[in-house]
Amino acid sequence: MSAFGFPGGGAPTPPQGSFWDMTPEQQGMYSANLIMGTMQSCPGKSVMAGVTGFGLGGVFGLFMASMAYDAPVGMGVQTMSDLPFKQQMKIQFTDMGKRAWSSAKNFGFIGGVFSGTECCIESLRAKNDIWNGVAAGCLTGGGLAVKAGPQAALVGCAGFAAFSAAIDVYMRSDNKAPPSTDEDL
């Protein structure tokens with residue numbers, strides 16, 4: 001793997017002539033190699049994690065906002081039941097949209113930063129082990145909390161590193177594989 005995950009220093013070159021001079025099979029292989037190279041690069045992984053995190057965060061935020069059946073944040077009314085139904089719906093949907101957007105931005109940012117950091121560390125170390133995720137978790141957690149002070153950065157570093165280590169240990173364990181036959185039980 002080359003520096004920071006760019007495969008072969010850039011996009012693959014067509015085997016002969018232009019793209020349109022290739023056979024359909026060659027075009028398919030060229031396109032597949034281009035897509036795979038992009039998805040395996042650090043920028044590609046970071047963008048994919050950010051977009052996926054954004055989508056997952058939006059769904060999570062929408063779900064959490066729908067579960068908050070009390071008064072929305074910042075509402076000056078004592079109870080929602082005092083308002084007409086149409087006004088209640090308007091306030092609830094506005095609040096759900098704000099929470100979903102906020103959660104989506106946070107999840108997307110954290111996913112993109114963590115994934116990009118982990119990929120860069122893996123490329124620099126030229127190893128694929130648990131310590132890449134631990135270091136990336138520490139850098140991501142500490143970096144996100146650095147504005148709150150050194151203690152918050154240290155707690156963020158430790159928290160993200162521990163969570164990343166726990167997920168990596170679980171994902172690398174052999175316990176998750178189902179038995180191949182009933183006799184293996």
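Just so you know, glycine gets a Cβ as well, placed from its N, Cα and C.
Swiss-Prot lists a disulfide bond between C157 and one candidate from C120, C138; that candidate is C138. Recorded residues C119 (disulfide bond) and C138 (disulfide bond) have their alpha carbons 14 Å apart, per Cα-Cα distance.
With respect to their backbone Cα atoms, C157 (disulfide bond) and C42 (disulfide bond) stand 22 Å from each other.
For the transmembrane segment (47-67), the list of distant contacts is 39, 95-96, 98-112, 114-116: same-chain residues at least six beyond its ends, Cβ to Cβ under 8 Å. Taking the C-alpha positions, the distance from C42 (disulfide bond) to C138 (disulfide bond) comes to 18 Å. According to its DSSP assignment, C138 (disulfide bond) is helical.
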